[in-house]
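> Would you mind keeping the following structure in view while I ask a few things?
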Amino acid sequence: MNQYILAIDQGTTSSRAILFNQKGEIVHMAQKEFTQYFPQPGWVEHNANEIWGSVLAVIASVLSEAQVKPEQVAAIGITNQRETTVVWEKDTGNPIYNAIVWQSRQTAGICDELKAKGYDPLFREKTGLLIDAYFSGTKVKWILDHVEGARERAERGELLFGTIDTWLIWKLSGGRAHVTDYSNASRTLMFNIHTLEWDDELLDILGVPKAMLPEVRPSSEVYAKTAPYHFFGVEVPIAGAAGDQQAALFGQACFTEGMAKNTYGTGCFMLMNTGEKAVASKHGLLTTIAWGIDGKVEYALEGSIFVAGSAIQWLRDGLRMIKTAADSEAYAEKVESTDGVYVVPAFVGLGTPYWDSEVRGAVFGLTRGTTKEHFIRATLESLAYQTKDVLAAMEADSGISLTTLRVDGGAVKNNFLMQFQSDLLAVPVERPVVNETTALGAAYLAGLAVGYWNSRDDIAAQWQLERRFEPKMDDDKRTMLYDGWKKAVRAAMAFK
């Protein structure tokens, strides 16, 4: 009987279950969306029980549709939307409040208070992160502040905190394992990435009792087995976990220092492996843990771009310039250039390296001769310019010059964008055969832990190139275009 690895990819808008075989190929996939709650402007919440239900549903679907028996699953790997925060009762397993999602800004006030007290350098030094509503720590504080009696119950050990990986492992194991992995812990604002422990000083500042925190474990090891009543009567090892962007770095086989990947989803996330060094950023990047395996931790630099694929959705749904996202490529290729037009898609502010949440979207360089094609091309090009901003920061911080960029995510199907990205960065861009690199990374982490794959070398050998884009632009043109982008960003930031 063939054995498979089951990856659970729990995302922001949907949960997916993907079966992989020993060659790292997708056997079958199932997906289910769930409800987004917006109780107030800027707030985003999920129902943690609904997420759990969606995960059970996709597991059942993928096994039945692929005609794979539960006992053919060698191990389960979990990857997840990072930072999203759940607090639940230890005895009943019931959440005491909705999950507060990574995008949610409801703790911005708490962050402002912490920054006003001068805590930013302390948090940055210990966690590699900025004080921002994006990360879990202030979300836990918010729940403990707003749910009556919660902090006292947490101190008594009656409540548990977890990011989504922790919640799913706890549920799948029937409450036998309250654990997280190093990569997810490093996104909480409560974990010291140098000592590799929950940090008492930071917990005191946030008012979060240590008793509610999960045990931090390697990203590739058996945490527990599935409770038979949740997995069709079978106990399967839950053997790997990593946050979605770190899992994608692993799935792209970026195992050596200086290798990098960029994921083009709703936003863009670029990670560079910095090996066993936690590189402190002077250019607006986050220092984060890539994964912990075989008794050692490896680090990464991360750049976050808030608007990428969502800019193409805006062309389709907001401006109705295109019928499908794929149409953007054909329109962009009808013109030789944008004719001097720049789109700065700062719909929710700008991320790395600017970290300006007040700036809004802007368009520059319009003339009477500007057409729809120019506008669409300029919007696509903005994804590549933002990526160049991030890469410039990475190279400055790490002292490493990138030799190739591996890419994944929905927008990488756009050949125009990938070619322009290569031209602008002056490095080759490599698109893999398997684009589901996040789930693949989780599968690899779980499979390594149970001997389904033997080593990272085996995994690196499986990585297959679908297409390589080589830079074709001359240096003068590249410099001229990028100077124009920087001018456009400065102008957008001045208009507030």
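Glycine is treated like the rest: Cβ placed from N, Cα and C.
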> Looking at Swiss-Prot, which one out of THR266, THR367, THR370 binds ATP in the same site as THR12, THR13, SER14, GLY309, GLN313, GLY410?
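The candidate from THR266, THR367, THR370 that Swiss-Prot ties to ATP along with THR12, THR13, SER14, GLY309, GLN313, GLY410 is THR266.
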> Record says ARG82, GLU83, ASP244, GLN245 bind glycerol. Source is Swiss-Prot. Which of TYR37, TYR134, TYR299 does it list for that same site?
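Checking TYR37, TYR134, TYR299 against Swiss-Prot: the glycerol site match is TYR134.
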> Determine which residues of this chain, when THR12, THR13, SER14, THR266, GLY309, GLN313, GLY410 are set aside, have a Cβ within 8 Å of the centroid of the ATP site's Cβ atoms, and list them as they appear in the sequence.
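Once THR12, THR13, SER14, THR266, GLY309, GLN313, GLY410 are set aside, the remaining close residues are GLY11, GLY265, SER310.
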> Give me the CA-CA distance between THR13 (ATP binding site) and TYR134 (sn-glycerol 3-phosphate binding site), in Å, as a whole number.
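Roughly 17 Å, rounded to the nearest whole number.
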> Filter the recorded positions ARG16, TYR134, HIS230, ASP244, GLY410, ASN414 down to the ones within 10 angstroms of GLN313 (ATP binding site), Cα to Cα, kept in sequence order.
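Of everything listed, nothing lies within 10 Å of GLN313 (ATP binding site) (Cα to Cα).
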> Around the Cβ of ASP244 (sn-glycerol 3-phosphate binding site), how many other Cβ atoms lie within 10 Å? Please give the count over every shown protein chain.
27
> Residues near the glycerol site, ARG82, GLU83, TYR134, ASP244, GLN245 excluded, by Cβ within 8 Å of the Cβ center?
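Leaving out the recorded residues gives GLN81, THR84, TRP102, ARG187, GLY243, PHE269.
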